[in-house]
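One structure below.
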Amino acid sequence: MEEALVQPGEDVVEKPLIPEKQISVGSSESTKEVFKTVKVSVASVSSLSEAKGHVRKRLDYKAGLDAASNVMKPTVSASLKSSNVVPAARRNSTGGLPEKRQSNIGSVAGKKTTPFVSAPVRRSLPEVRSSLPSPITKASPRAKVSGTRKSVPVSPVGRSLNTSTGSDVAKQETARKSSMKPASSASSPSSSRMVTSTSLGSSGSSGIRKTVSKVSSSSARSPSVSSGLRARSLSSSLDRSSSLSGRRQVANPESRDSRFIALPQVEIKASDDVRLDRRGHRVRSLNASGLNLSANLEFVYLRDNLLSTLEGVEILKRVKVLDLSFNDFKGPGFEPLENCEALQQLYLAGNQITSLASLPQLPNLEFLSVAQNKLKSLSMASQPRLQVLAASKNKISTLKGFPHLPVLEHLRVEENPILKMPHFEAASILLAGPTLKKFNDRDLSQDELALAKRYPAHTALCIRDGWDFCRPEHAAESTFRFLVEQWKDYLPLGYLLKEASIDQPFEEDACRCHFTFVQNSTLSTDPHVVLNYQWFVGERMLSDFAAIPDATEEVYWPKRKDIDKILKVECTPLLGETKYPCIFAISSPVSPGTGIPKVVNLEVHGELVEGNIIRGYAEVAWCGGTPGKGVASWLRRKWNSSPVVITGAEDEEYRLTVDDIDSSLVFMYTPVTEDGAKGEPQYKYTDFVKAAPPSVSNVRIIGDVAEGNAIKGVGDYLGGREGPSKFEWLRENQDTGDFLRVSTGTSEYILTKEDVGRVMAFVYIPTNLKGQEGESVLVASNVVKQAPPKVTKVKIIGELRENSKITVTGIVTGGTEGSSRVQWFKKRSSILDGEEDLEALSTSKIAKAFRIPLGAVGYHIVAKYTPMTPDGESGEGAYAISDRAVETLPPSLNFLSITGDYTEDGMLTASYGYIGGHEGKSKYNWYLHEVETDSGSLLPEVSGLLQYRITKAAIGKFISFQCIPIRDDGIVGEARTCMGQERVCPGSPRLLSLQIVGNAIEGTTLSVEKKYWGGEEGDSLFCWFRTSSDGMQNEIKGASTASYMLSVEDIGFFISVSCEPVRRDWARGPIVLSEQIGPIISGPPTCQSLGFLGSMIEGQRVSFVASYSGGERGDCSHEWFRKQSTIVREKISTFAEFLDLTLEDVGRCIELVYTAARQDGMKGSPRSIVSDIIAPADPIGVDLEILDCVEDKEVVPRKTYFGGQEGVGQYIWYRTKNKLHASELTDISAACEDAVICGKTLTYLPSLEDVGAYLALYWLPTRADGKCGKPLVATSNSPVAPALPVVSNVRAKELSSGVYSGEGEYFGGYEGSSLFSWYRETNEGTTILINGANLSMYEVTDSDYNCRLLFGYTPVRSDSVVGELKLSEPTDIVLPELPKIEVLALTGKAVEGDILTAVEVIPKSETQQCVWSKYKKDVKYQWFCSSDVEDRKSYEPLPTQYSCSYKVRLEDIGRHLRCECIVTDVFGRLTEPVYAETAPVLPGIPRIDKLEIEGRGFHTNLYAVRGIYSGGKEGKSRIQWLRSMVGSPDLISIQGEIGRMYEANVDDVGYRLVAIYTPIREDGVEGEPVSASTEPIAVEPDVFKEVKQKLDLGSVKFEALCDKDRSSKKVASVGSLERRILEVNRKRVKVVKPGSRTSFTTTEIRGSYAPTFHVELFRNDQHRLRIVVESDNEVDLLVQSRHLRDIVVLVIRGFAQRFNSTSLNSLLKIET
């Protein structure tokens, strides 16, 4: 059994037990069976104790007997099956080692009888569990407490959840009294709605006890229990193990209220594979190496750790219970839980979570605990299956954003600020909806429920959106104003919303919505607002509403399925073409209707013309009744007459007939529900019906179109009364395809022999009584055929077993039977219905016999018999089905054979026929036999194979094959063996292939390629043959080897070769002749000589001459190549027989490749010839020209050169004031004195000096080898023109801080007075001219900060020509000086728990002071921690530590801390980070804070001490439990109680429990001890009531056991126990040994209550007490349960109270 550990300090509902298995208690009346029940119950309590977090100290035999007696124990485990049951060890809440406790069960379990349990306990636990009501379904009011005899209610979760401040004694008294009344206790709302409220409560248990005690007979219907068996309440026994779930009790019992709640069950088998428990292990990360998270885990307990992030939880895809309480989660960061789709219970209590907004939707989450966090709201994703939400002890102050929780049953928000809101419970009811059953651990207040019903329907939505909750009488107006305020910005302009509501909806009745817009009188009245509607329906107010299809009108009719659902309508205003956002209204739940239907509207649709179908439409409001089929009828009303009912017209549809012509129809409809409730009938009159024009439809020929049959033409006439319509019969003319009339005037026709094989046609001409004819209709028949064959009395004959042969027979009529066809099918059932569900077993065949295949086993066989005539005509198939299904045969073989060649290397194949069901893995074996009669030797290498290739080892032996048939179900059949027919022989020599390899060309060598088989080859014989074209074959003499060379004699002949295979032992095989190769052809064509014609100089033409040999010359080809070296050559794309040499050929060789070709197309080997190197021509300057010249634009002269590769010629540029003429160009230097040489390159770039002058160029053409030609001179046509004024490289330079200078490079003639300007560019990209900034220098102002500067330069030429403005690139953003930090200091001590604060020291300069005051925006901090202890080199950032202060944590001890500070100014700039570091962090002084004791305050409960430790790593802190009397300062030490948990007992009644906690660090340093105490321990209510009753009586007797063997053994055996009677009254106590047949009653001990009388308890045995009258007069007694022991002790002490230092009466509240 598995469950999550109960959370100390968590005032939330308990976690459920998860039952592993239900153990049935036998119904036998034998004592042995009863004692087995005892054993099982012991296990159940042990399992319960373990599942409760191991907080129970021990469980002994007496507790087991008590558990057996109490049928109401919550859970049962099957894990303990031996008689000696050892209770599970417990562990403390911090994960310490479990403390082993000894069990006192011992050998008592071995006895067959017990004095405590009566024999007839028969009711098994599964029966008890089966009687449980669902946690949601209410119990029937008729269920009474007396029914406990049949079924004792057991909580499905197995424990009580007492989490409120206490139990209300007055309420329990009332509950007990009511439980004694059989007719009323179980029917109370609190006991029937939640199972555990009655079945596990103290009040319910009292009633059960009294009922059981009254049962004395062992009837068959209900189990009976003896008076000694007490089924007491679990409120005490379970409180011991569940007390950790409550807070420390400080109120008195009158103010307490004990409540229970059932949590959803998690059905799993709890094993180590699915469970992980790491509570209190100081785990910091889910990805830690030792944590071992896996996808198989279903129970994960990680409470009391140091987790701060959920990273790594994604792997838990199957987890059902996840306990992350008391960690360091702060949230958000719950997204990884999205993978945990199976999660059912999530515990997040005791963290620092501030928001649940990131918590994903978990489809199976049923329980969520977020108590003791810092939540301000419950805003989160919708949780579709959440039943319990515990959010106590947070800071919740608003309901805004409350999630959609459709099945929420229990909401806990104690100790939150929002509880101060008036009627907060009513608001919670509105938000949670009708599923809410408990609020803050109690039933819902009836007053708050009634108050919640008074609020408008949309209140929940308003609360979720932030509406301030108010009284219900003001809620309607307040919520409407709230909604209007939300919508006001989206309403049409000039319109006010006055109303948005929905009428109270009733089932199947009109529900109207009201949206009223009022136009503001100050605005125009046009256009009007148009409203569009859409209706929605939802289960709850906060649910997702689903749109109702087609519900887009102002009125909606709620359906039956809408009852108790919420309606919502969205209204979308339209003003002109503007569509505004929608507004909405929400209705109250749809109410059931009256049940009487009514017709809202009645209409008749359709054209009133004869033959048409008209339909009546009735819109019915069913008003809650079950929609039924209304009564519809049609009436016909002639002119001036009353309506007459039309017989048979009782549907909504009606086809107009000829009788309706000139009449008006009446549609009458009476709505009727399914239950028979009728509404008022309604009528609808139509206009008069008109006649249709005569027509006919559906014209067809009926009858079998076969020779001798009568066929008839029919059709559906329409068009008033039919008159003498006309009919014609036509026959097809097979020659022309036309139709000839064969009959008129009648619609019937008898087919004759002449019609066979032809098509007949029928013509219908409709005519009315007035003689008006309609359009004729012609229909053709099928080809007339002879009467088809027919088969009858079809049946299947034969044995219906697998592989049996069956036959189908039948009687065929309709001519001589020909090759009739039969097809076989199989079918599961024996009912034959055509070909439905038939599975084909064969195709249609002539054979009537069929062998049943394996696939037909278990099926019925169906045969389809299709008769056929000899000419191939087939009749209709007839079916026959077998009377029973096909049976299977035992596995066997119907044949077994071996096929293949019994020679060496031959392949043998075994085949067999298997019958007898589906074959499984049959076994195959091959054997070799010396003789046929021996057993043979197994061939293991081919076992399991059906084929065997014969090896040499098998030569001369016999071969056999054995098969053992095996069916797929493992049944083995009889083995069969097949013996080979002959011994294995060696193979005969033979050639598998023979062919000639080589070319059939004269001079080549041919060779033989062959494949030999048949032993080892010897010297095979070859012979070559020559065959002429006429087929004459001659042997080639001397050619007897495997190769042959072709000679000139073979030209024109075919060549072949023969081979005779010879084995090594001279055995010869058949001679094989190869295919012929040939005819042999002559050699290839050849070019004999090749040469060039022409001069090899640039500009010359070259051709060639070639000679040919090799047959008749064909189309020879040649190619020209330009060859640069012996390797590199370039193909010249020309196919002419000559080549013109160009500049590209200079310095290279020309290669000619000539390929000879024969006339038959065969080409010879190419032949090539290479020329000498091509020489260049003399250099010549052909042309020279200078184009127009412009300043700074490069002048490139246009020239033409010829004469080899041009070299570097001589170029001289002259600048002249005047233009030179042709005569002056020959010698420029002599003709013009002002000519100035200005360049000596091919191109020239005119400069500013050349503007206005002419340019001339002298060119001396030169070849690449230096040879020169004649010079050429050219001059420009016009002087050099100036360029347009432009400026380039415009830039702005920062000369100093805040001072900029603009520069640029001018070009374009001579510069005049250029213009300058400055611009400011903003961050948005806008460029703004700076007024007054028209110089090249500029000083920055405050307006320029956070902007960029641009310098503008407008060039102006000296002749006032203005160029284009050029802007410089934007400068960097102009910003002031960065804020600086002079020093970063840390205040505080580097000690655990202390707070470090970072302080910045600002420079004292005036600039920095101004920058910090004006432009400083933010100061960011980041804290770091060194990676390792004493490591100051590597630091890791601390997440979420971004403030100037940091509280030193436990994990920082020994590490260095660093604070990083970065300043951000208003311009978004960041300064360089400044650091401050600490010395290694020291641990703090150990101390404990918030120490408290948790427990419910009763003497049967378990108490736990809990506090928050700080001061380094905690070591072995000391805890001591003490008692303190009320009003006394003295403390009494409780020996041996030094653990974190303490189980109270009767000795603690009236005392305060005190726990002293001394914190000790792991290095031994002790802190100051801290103490905590409880309120005085009270008596458990059930015990208190019984003790008070017995004290009031004054004298009481108890049954007990005494161990007659007072030895030192710890466990008493059953044989050593004897019965005793304990009698106590106000004066004395007496222990009596009852008498028997052989002895009298004797008194063993008797005495008064005077000292030294006292009663002792045994902490290791909860069933044992010792009564001491004097030092030598004492007795040890055993009672059946701790409950009874407590009653005995308290009664004795109550009677002896006058001798006590503290009166027990005050403790028990007994009036004296």
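Cβ coordinates come from backbone N, Cα and C, glycine included.
The compositional bias 'Polar residues' annotation in TrEMBL covers 81-95. The region 'Disordered' feature in TrEMBL is assigned to 81-256. Per TrEMBL, the feature compositional bias 'Low complexity' maps to 180-248. Annotation source TrEMBL lists domain 'AIR9-like A9' at 599-684, 695-779, 790-881, 893-979, 993-1071, 1087-1171, 1188-1275, 1298-1366, 1488-1573. According to TrEMBL, the domain 'AIR9 PH-like' annotation covers 1603-1699.
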Proximity verdict for the domain 'AIR9-like A9' (1298-1366) and the domain 'AIR9-like A9' (1188-1275), three or more C-beta pairs under 8 Å: yes
Segment confidence, the domain 'AIR9-like A9' (599-684), expressed as mean pLDDT: 88
Helix-strand-coil residue split for the domain 'AIR9-like A9' (993-1071), DSSP-based: 3 helix, 40 strand, 36 coil
Whether the domain 'AIR9-like A9' (1188-1275) meets the domain 'AIR9-like A9' (1087-1171): three or more C-beta pairs under 8 angstroms: yes
Among 695-779, 893-979, 1087-1171, stretch most in contact with the domain 'AIR9-like A9' (790-881) (C-beta, under 8 angstroms): 893-979
The domain 'AIR9-like A9' (893-979) - residue tally per DSSP class, helix then strand then coil: 6 helix, 46 strand, 35 coil
Helix-strand-coil residue split for the domain 'AIR9-like A9' (1188-1275), DSSP-based: 10 helix, 35 strand, 43 coil
Within the domain 'AIR9-like A9' (599-684), residues counted as helix, strand or coil by DSSP: 3 helix, 44 strand, 39 coil
